[in-house]
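Engineer: The feature compositional bias 'Acidic residues' is assigned by TrEMBL to 14-36. Annotation comment: TrEMBL describes 33-146, 230-325, 410-482, 512-614, 818-890, 1021-1097 as domain 'Ig-like'. Sequence annotations record features per position, and here TrEMBL assigns domain 'Fibronectin type-III' to 621-717, 719-814, 915-1011. Taken from TrEMBL, the feature region 'Disordered' applies to 1-39.
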Amino acid sequence: MPEAADDAVKPEGEGEAPAEAEEKPAEDDEALPEGEEGVHQSQEITGLFLLHPETTVAITGTDIVFTAKVDSTTLSRKPTIKWLKGKWLDLGSKAGKHMQFKETFDRATKVRLWKWIIKVVPGDAGAYRCEVTSKDKCDSSAFDISVEGNLSLCPLSSSRGPLSFFLPCLLLLSFTHRKKKPVVDEEKADVWEILKNAQPSEYEKIAFEYGITDLRGLLKRLKKMKTVEPKHSDAFLKRMESAYSVDKGKKIVLQVEVVDPNAQVKWLKNGQEIKPSAKYIIESIGNIRTLTINKCSLADDAAYECVIGEEKSFTEVFVKEPPVTITKLLDDYHVVVGERVEFEVEVSVEGAHVNWSDQELSRDSHKYRFKKDGLKHMLIIQEASLDDIGMYWCFTNGGRTKGELEVEEKELEVLQNIADLTVKAEDQAMFKCEVSDEKVTGKWLKDGVEVVPSSHIKLTHIGRIHRLTIDDVKPEDAGDYTFIPDGYALSLSAKLNFLEIKIDYVPRQDPPKIHLDTTGNMVSQNTIIVVAGNKLRLDVEISGEPPPTVVWAKGDTANILLLAITAVEGRVRTENRKDLSCFVIEGAEREDEGNYSIIVTNPAGEDKAHLLVKIVDVPDCPENVKCTSVGEDCATMVWEPPKFDGGAPVTGYLMERKKKGSTRWTKLNFDVYEGVTYEAKRMIEGVLYEMRVYAVNGIGMSQPSLNSKPFMPIAATSEPLGLKVHDVTDTTCTLKWLAPEKIGAGGLDGYVIEYCKEGDTEWVVANTELVERQTYTVRNLPTAEKINFRVVAVNIAGRSPPTGLTQPVTIREIVELPKIRLPRYLRQKYIRRVGDKINLTIPFQGKPRPKVQWYKDGEELDSRVASVRNSEVDSILFIRSAERSHSGKYELVLQIENMEARAILEIRIVETPGPPEVVKVTDVWGFNAALEWKPPKDDGNCEITGYTIQKADKKTNEWFTIYEHNRRTNCTASDLIMGNEYMFRVYSENLVGKSEDFCLISSMPTYNPPPFKEKDMQSAPKFIQPLLDRSVVAGYTTAISCAVRGFPKPKIRWLRNKIPLDENPRFLMQNNQGVLTLNIRKPSQYDGGKFTCKAINPLGEDVVECTLLVLWCTLPQVY
């Protein structure tokens, strides 16, 4: 709500605006372009204002305050406010002494208050708008400001402004020439004409006066209607263009042409004067002024001005950056869910801007991270998911690259399964399993019910190993135990058997007996399989009375004892109890594999049992991985199976590849591949790759094989293009062709040319070695036979498809008329200096090979004069050192049987001319001397183009050039000193240069000047400009003037009404080179009359008169 600080007046009938006032839509003259409606509808128009700014009428010079309130309780973000004048002028940037903006916030009521304080001036009148926005909500309120001036008038007598001096005269003119002011019919006023004739500062005032709401649209139409006449410049003949464009690092020259060749100019860059330096070179040549900017950078992208006085020539320079190229392409990635992916690309310019994907990825997303490191740009996906599968693009303004991301579901591998246990009372039972991912958690179940940890049962998870430990086993602990990893459809189960011991007293002796449990790790009876690195604990129940003695042994057969195991500590040990014997192997190794025997004896007898312990492990790595063949984007790999399969059959292989020099391996398959030959696809041609292979069995995955030798996917080139016959003789045929359209990364080693007779199918190779050029002559062909030809391109990948002629070629020479192709520069006179080397090559054509003959001036050319060398297609004329005797007309004649061709060329050998002859002085006058001479006898075999004349004073003997390139045989030497003796010398010049010798004259006739007669300049006074009658306003200083001449200088007298003015201080008399001026200071009505000016000298006198009328200014009365 506006609050007038002083005398602001609120218009009658306008109260407080309602809170739910609706903003009227602007009546634009031009409809919105198609597609822009959605932009304006992206924010919902709602009533946010609690208090609207109101329309106000203010007095010039007063302060008024406009207030707006908004309730921010329901807003998710802090609202922003804009104060606008008209539809587009934002007043936020104009804050200062004239305008102030304040904002307050009440935390209790969540109400925001904005105030706009303005000191009113006449230009503030107009339509205004207050706009509030918050995320997807907005509201606006329109209001007007009317400005009225102060109606009090100051007395005319107190005015001391700039017009006070001219006010009496202006009032007089308005009084004497008062006309009736025409009344403007406001209804018929043409707003277009008013705007076209108005200044830009008056546009808003006119819009407010005539109720124009869309001033911006109106000004756009007005700009189209206005025709701007070109402004004539008094300083510039040619200005700079409006804009220039230059590549970064290049040079640009800004040039203007000025009217005055002596004018001084200043060059400005963004308003700052440019000083000359190595980067900015300022030159002035005649009327041309240039500014040269060397090695343009982005800092030189600016506005430039050339200033001469008050006039300027303006232009803008736009610096274009060179295209950013990609030097390192994106790699393809094959990962599992949850792994980190890092796409990396390298560009040619450090700090360049790159875009990722077809639409730039959101830089606010927590999933994607962008990183720059010098020339490297990286896109990082912290945890890959199935939604990230696809092709990722990286774009620069000079290229693009792509990389594919493949994400597979994570598979959990069981490295060690749970084993069945059989324990007796009060023993400890421990289930252990090992999975491939150490981050995987899980839960334990007993008979389908989740196991709860307690002091009796403990659950542990260390790295990849999960354990369930039961202390003091009881009968109720027996059952099926299952481990289920979280997030995987997988379960590991094992059984806990409780060994219940019953002791019956038997007075008699029982023979010993071994009770083997064939469940658990036994895959077949008496065979135990153990994974390498795991622990083997074999509990064997024994019985017998008295308690038997137990011996464990390792041997190849059950009958031969090789080694008895008696250790009770260590990696391989035995633990014996009353009715139980335990055989323990900690961390099973391959050497532990073999046949084991347990022998129990007591007085009642003996019992034996034989066991086969089989150690299984991951296989060895595959061997001899190599590439057997390559294609454009594929390669075939073979390898040999591992020598040792780990005790379990190899189920397949996993392959990986990487680019040479890179450290990142890409998986080629996630499912096990059973063969030993694999075709790797989707590779980039011309890039070196390496591969390695893993072997997989039921236990796990082997170590990787050695890297294969680097190989490069390449393909043969496409077929050569445009095969055609260039020349045919009786035994040869010359072929020409173009390079293949597609060469590829394998390059091009050369071409193979093949031919066969028409009707045959056997092609004969014409060249024993590859031909690198795209032309070849096939020789030793049978005459008059029809031969087919074809050409094949060869590179490291092999032969390309052949390209051949559409029809066979008949081997027969074709007669061709002789023709000389004389070069253009030899069709006119060929001029060379003495001593120059002459080497002229003149091509010709004709079949069979023509006979060549040279003639000079109609006679056969002597080999001592010039050397001639002929080939099948041209003739060369060679002169090692040219002499003047070599000048003349040379004729080349070609003959084929009775056919003939001729060509004539004229050679002229020139040198410097001789000196002129007979230099003499023909006349001397004043400071001048006239010279004449004769042309030289030897003109150097070409026309004399001019003469150089020099002079020397005999006192100093220093020579100075008077004329250069003087074409006549005479000249006039000026600026000589009277009384001094001079020497003159003349050089002759021709096309070659100046003559080496000169012609000298060392004496000249004496000059006798004619007698001087002084002219009589005396004359009587005479006025050449009379006095003119005039009228002046009383109180304003005036002057009258005239002009007189006469010698001796006349005496001047001024009279008013025949009364001398010699001693009157109100009259100032001046005489400037015969111009006479009488200044009258503030004349009154009594100073008018007839003014007379007299000029007197001894030879006579002259008089002029004029009448001066002084007008009195009478002010009209003001009521």
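For all residues, glycine too, the Cβ spot is worked out from N, Cα and C.
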Engineer: Using DSSP, how many residues in the domain 'Ig-like' (512-614) fall into helix, strand and coil?
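Structural biologist: Split by secondary structure, the domain 'Ig-like' (512-614) comes out as 3 helix, 62 strand, 38 coil.
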Engineer: Quick one: mean pLDDT on the domain 'Fibronectin type-III' (915-1011)?
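Structural biologist: Taking every residue of the domain 'Fibronectin type-III' (915-1011) together, the mean pLDDT is 87.
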Engineer: Below 8 Å between Cβ atoms, which of the listed ranges 410-482, 621-717, 719-814, 915-1011, 1021-1097 makes the most pairs with the domain 'Ig-like' (512-614)?
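Structural biologist: Maximum Cβ contact count belongs to 410-482.
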Engineer: Pull the DSSP breakdown for the domain 'Fibronectin type-III' (621-717) and write it out as helix, strand, coil residue counts.
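Structural biologist: Within the domain 'Fibronectin type-III' (621-717) the tally stands at 0 helix, 42 strand, 55 coil.
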